[in-house]
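One structure is given below, encoded as structure tokens.
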Amino acid sequence: MTNIRKVHPLAKIINSSLIDLPTPSNISAWWNFGSLLAACLALQILTGLFLAMHYTSDTTTAFSSVTHICRDVNYGWIIRYMHANGASMFFICLYMHVGRGLYYGSYTLTETWNIGIILLFTIMATAFMGYVLPWGQMSFWGATVITNLLSAVPYIGTNLVEWIWGGFSVDKATLTRFFAFHFILPFMASALVMVHLLFLHETGSNNPSGISSDSDKIPFHPYYTIKDILGTLLLILTLMLLVMFSPDLLGDPDNYIPANPLSTPPHIKPEWYFLFAYAILRSIPNKLGGVLALLLSILILAIIPLLHTSKQRGMMFRPISQCLFWLLVADLLTLTWIGGQPVEHPFITIGQLASILYFTILLVFMPIAGIIENNILKW
């Protein structure tokens, strides 16, 4: 008798994606982050749903409702901190996942890569709007500063900002719409994840060697299900250590002060996972230039497949490109540090140099390294 999972219309789809999926036999732990991201998204939707049951998106009660969740709701504090720190874990996994794609040349699967970039933007937008919801000082001023950047758009800028605000400043209308979008975007992200997987399973996964693995595939279950479960357990362990021992480690103390439009915090900065982009934005003195650099810092990923000059797919056997890749990682860490520093000497100069280096590595050095490595192969 044929197994039901292979004939049932719905089970058949799940079976071909998670059970009988032919998978390269040599994929390393770097390939775990896809499933970890799925776990993070599920966790965020679940904890977010419970928070939404108690949250009120009104400027007068938003801050109090978050306090109420932490003090009065059964296990509300753990749900709130799992949601807040879950976002940090989400972004750690996201950046690892993108980094893996860059290192091993997974961007050659262009449809999967491009859907991934759209997903990245969706999740970044969700996280930004979520940061506004507690209506603390950093929520309010972060929303004001970031939405104000749209005023740099020529001709329609001011109208665009006021349209997004729903008034002449960040106020009740802004908070309500941000809550609505923050609620719906993760579900849109879930749909995009399905499309991401659809395109991935059309071609099959890449692997560390970068060569075709068609001749050596193994079923996803049990080999990679058990590996993914181990990864998920480690993720949950890390998250719970963070939640239980230092839940506010990655947050901003200013967000425990209720939003006050009349008092500007000394240093307005976003959550740590946006600091690298914020540093790039701040490193350009011109407003429009800064906004474009901010967008390009992520959009640059879309042209990476066009800049691939090497005859080899991944960087596993390309030492020059490897050095450049880790230089890029160090540069991004430097930008993250600079984004959290005040705008004064020497941080301004370091930020500008790090921003120039970021674009130069991706646009100039890496393609040149690929050509050099091709020539070395001829010797």
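The backbone N, Cα and C atoms fix where each Cβ goes, and this holds for glycine too.
Taken from Swiss-Prot, the feature transmembrane segment covers 33-53 (among others), and the record attributes it to similarity to another entry. Residues 69, 79-80, 82-83, 86-87, 89-90, 93-94, 96-97, 100, 130, 182-183, 186-187, 189-190, 193, 228, 231-232, 235-236 of the same chain, all 6+ positions outside the transmembrane segment (33-53), place their C-beta atoms under 8 angstroms from a C-beta of that stretch.
According to Swiss-Prot, the transmembrane segment annotation covers 77-98 (among others). Tertiary proximity for the transmembrane segment (77-98) is limited to same-chain residues at least six positions away from its ends with a CB under 8 Å from its CB atoms, namely 30, 33-34, 36-37, 40-41, 43-44, 47-48, 50-51, 66, 69-71, 116, 120, 123, 127, 130, 235, 238-239, 242-243, 247, 250-251, 271-273, 301.
The heme b b562 binding site annotation in Swiss-Prot covers H83, H182. Of all Cβ atoms in the protein chains displayed, 21 besides its own lie within 10 Å of the Cβ of H83 (heme b b562 binding site).
If you look up Swiss-Prot, you'll see H97, H196 marked as heme b b566 binding site, on the strength of similarity to another entry. Under DSSP, H97 (heme b b566 binding site) is assigned to a helix (H, G or I) in the three-state scheme.
Marked as transmembrane segment by Swiss-Prot: 113-133 (among others). Below 8 angstroms of C-beta separation, residues 48, 55, 57, 62, 66, 87, 90-91, 94, 97-98, 101, 106-107, 139-140, 142-143, 146, 174-175, 178-179, 181-182, 185-186, 188-189, 192-193, 195-196, 199, 270-271, 273-274, 298-299, 301-302, 304-305 of the same chain, each at least six residues beyond the ends of the transmembrane segment (113-133), sit close to that stretch.
Beyond the ends of the transmembrane segment (178-198), by six or more residues, the same chain brings 17, 38, 41, 44-45, 48, 52, 55, 57, 112, 115-116, 118-119, 122-123, 125-126, 129-130, 132-133, 143 to within a C-beta distance below 8 angstroms of the stretch. Residues or ranges marked as transmembrane segment by Swiss-Prot on the basis of similarity to another entry: 178-198 (among others).
The ubiquinone binding site annotation in Swiss-Prot covers H201. According to DSSP, H201 (ubiquinone binding site) is assigned to a helical segment.
Same-chain residues lying 6 or more positions outside the transmembrane segment (226-246) and placing a CB less than 8 Å from one of its CB atoms are 29, 32-33, 35-36, 39-40, 78, 81-82, 85-86, 88-89, 93. What Swiss-Prot lists as transmembrane segment is 226-246 (among others), and the listing cites similarity to another entry.
The transmembrane segment feature in Swiss-Prot is assigned to 288-308 (among others); the stated evidence is similarity to another entry. Residues 98, 102, 105, 107-108, 110, 113-114, 117, 120-121, 124, 149-150, 152-154, 276-278, 280-282, 355, 358-359, 362-363, 366-367, 370 of the same chain, all 6+ positions outside the transmembrane segment (288-308), place their C-beta atoms under 8 angstroms from a C-beta of that stretch.
Per Swiss-Prot, the feature transmembrane segment maps to 320-340 (among others); the stated evidence is similarity to another entry. Packing against the transmembrane segment (320-340) from elsewhere in the chain are residues 99, 102-103, 269-270, 272, 274-280, 282, 310, 347, 350-351, 354-355, 357-358, 361-362, 365-366, 369-370, 372-373: each is 6 or more residues past its ends and has a CB under 8 Å from a CB in it.
Residues or ranges marked as transmembrane segment in Swiss-Prot: 347-367 (among others).
Taking the Cα of H201 (ubiquinone binding site) as the reference point, the closest of the binding-site residues H83, H97, H182 is H97.
Sparsest Cβ environment among the binding-site residues H97, H182, H196, H201 (other Cβ atoms counted within 10 Å): H201. Residues of the same chain lying 6 or more positions beyond the ends of the transmembrane segment (347-367) and with a Cβ under 8 Å from any Cβ of it are 279-280, 282-284, 293, 296-297, 300, 304, 307-309, 321, 324, 327-328, 331-332, 334-335, 338-339, 341. Taking CA atoms as the reference points, H97 (heme b b566 binding site) and H83 (heme b b562 binding site) are 20 Å apart. Distance from the CA of H196 (heme b b566 binding site) to the CA of H182 (heme b b562 binding site) is 21 Å.
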